[in-house]
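Below you'll find the structure, written out as structure tokens, and then a few comments.
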Amino acid sequence: LPSSPSYRGLTLVLTFLSYTSYHLSRKPISIVKSQLHLNCSALGPNPRNDSNSTTWCSWAPFDGDNYKELFGALDNAFLVAYAIGMFISGIFGERLPLRYYLSGGMVLSGLFTALFGLGYFWDIHVLWYFIIVQVCNGLVQTTGWPAVVACVGNWFGKGKRGLIMGIWNSHTSVGNILGSLIAGAWVSSAWGLSFVVPGIIIAVVGVICFFFLVEYPEDVDCNPPLHHVSGADSQGACQSSVDHSKSPKEPAEEPEAISFFGALRIPGVVEFSLCLLFAKLVSYTFLYWLPLYIVNVAHFGAKEAGDLSTLFDVGGILGGIFAGLISDYTGGRATTCCVMLVVAAPMLFLYNHVGQNGIGVSVAMLIICGALVNGPYALITTAVSADLGTHESLKGNAKALSTVTAIIDGTGSVGAALGPLLAGLISPTGWNNVFYMLIAADVLACLLLARVVVKEARGWCGPMARQRGY
């Protein structure tokens with residue numbers, strides 16, 4: 001490739017496709033849930049003539065009255081393994097070649113995603129098979145986020161990082177949308193293909209990344225970006241000639257990777273990590289339970305509910321871009337997150353009470369809620385993580401990106417594990433209680449950012465006071 005912009009474009013495209021495929025492979029479970037436990041009375045008499053007349057067409061072991069708890073166990077198996085693995089993954093990501101680490105994780109993710117679907121073709125009805133596959137998949141999927149954020153952070157400086165990464169982060173919602181559509185295509189006929197096809201897709205994209213992803217600008221004789229200078233120069237440029245004597249990749253100049261506790265001492269890491277715990281709790285509850293909520297409340301079919309749930313992710317794309325743009329303009333990452341979280345709480349209440357009053361209202365509320373819920377989540381996991389991973393206190397050491405990203409997203413993943421689990425436990429008492437839990441989580445996420453918001457506000461007030469002569 002002839003220039004640094006070309007390499008940066010290639011990096012954005014490949015990492016975008018990579019994480020799109022990660023989320024594409026996570027989505028099928030939420031679509032297939034409604035097919036694993038069906039009300040079979042609409043299908044006619046039971047051909048097996050046993051006593052269970054309403055769930056004879058469901059997939060054992062999810063045909064019992066405790067099916068919601070079992071679905072919660074499936075979600076939790078993946079998300080707990082993901083949360084635990086994420087704290088370790090960032091440490092490996094700083095010390096292993098990112099291209100190998102990312103590609104290997106994607107191929108393994110494809111394998112375990114496909115294995116869940118193969119349970120349909122192999123006629124497996126043992127809960128532990130699906131639990132073990134979910135645990136293994138959760139562990140290998142932790143290779144994705146630290147690796148892609150580190151690659152993008154290596155190529156892009158702080159100038160317009162929020163907007164660039166806000167647009168780039170739409171891979172999460174694009175993956176959810178594609179995963180819903182692909183899974184929905186087979187959910188009613190052969191639900192195993194709803195997992196096998198996404199598994200093949202993520203493995204293929206992993207092989208493509210292995211051959212074409214460039215980890216560092218220095219690998220192709222480009223200057224690294226300046227992370228604390230705005231403007232075009234902050235993005236770096238390719239060198240006209242190769243000077244190996246000054247290469248920053250020389251072993252003598254290789255900076256040491258930051259430790260776990262060293263990353264925790266970076267200002268803002270703890271606050272944003274805890275905020276993401278509650279923000280991601282809300283987002284992942286919607287990710288795993290929204291289609292089933294639509295089936296139960298609006299009485300749509302499994303495919304229609306899956307298609308309608310994609311509007312939440314459409315809103316997530318808009319919210320991520322909007323959050324990045326506003327935070328770039330104001331310089332207030334925490335304030336942007338806080339305002340969106342404050343507005344999200346009443347919107348969730350309204351969606352639960354009026355969201356099913358007609359298809360038009362449902363569409364509008366899903367897009368608005370998706371934007372407000374996923375906007376802060378997207379901003380924290382992308383631009384904020386990259387900012388903190390290249391914080392000025394590190395004195396130019398970029399060997400913290402994967403670790404900081406893993407700490408922030410790993411803490412958020414604890415919330416991602418708790419959300420679907422709590423939804424599974426609370427939903428038998430009524431969906432209203434699930435939404436009260438989500439609203440409380442949004443409020444807590446906002447409160448945890450209060451100190452950083454005050455610091456940003458003081459930063460704005462200082463220049464204004466000097467201009468007025470105070």
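Each Cβ is built from the backbone N, Cα and C atoms, and glycine gets one as well.
TrEMBL does not curate its annotations; it predicts them automatically.
A quick note: this is a predicted structure, and the numbers were derived from the prediction, not measured.
In TrEMBL, the transmembrane segment annotation falls on 400-422 of the listed ranges 9-31, 400-422. When the stretches 100-122, 269-290, 334-353, 400-422 are ranked by Cβ pairs under 8 Å to the transmembrane segment (193-214), first place goes to 100-122.
Counted over residue pairs 6 or more apart, the CB atoms of the transmembrane segment (70-93) and the transmembrane segment (400-422) come under 8 Å in at least three pairs, which marks the two as touching. Same-chain residues lying 6 or more positions outside the transmembrane segment (128-156) and placing a CB less than 8 Å from one of its CB atoms are 7-8, 11-12, 15, 18-19, 22, 25-26, 73-74, 77-82, 84-86, 88-90, 93-94, 98, 101-102, 104-106, 108-109, 112-113, 115-116, 119, 164-165, 168, 213, 215-217, 224-225, 235-236, 381-382, 385-386, 389-390, 398, 401-403, 405-406, 409-410.
The list of residues near the transmembrane segment (168-187) in space but at least 6 beyond its ends in sequence, with Cβ under 8 angstroms from a Cβ of it, reads 12, 15-28, 30-32, 34-35, 152, 193-195, 197-198, 201, 287, 291, 302-303, 306-307, 309-310, 313-314, 316-317, 320-321, 324, 370, 374, 378, 381-382. Sequence-distant contacts of the transmembrane segment (100-122), counting only residues of its own chain at least 6 positions beyond either end whose CB sits under 8 Å from a CB of the stretch, comprise 18, 21-22, 25, 28-29, 59, 92-93, 129-130, 133-134, 136-137, 140-144, 147-148, 151, 190-196, 198-207, 209-210, 213.
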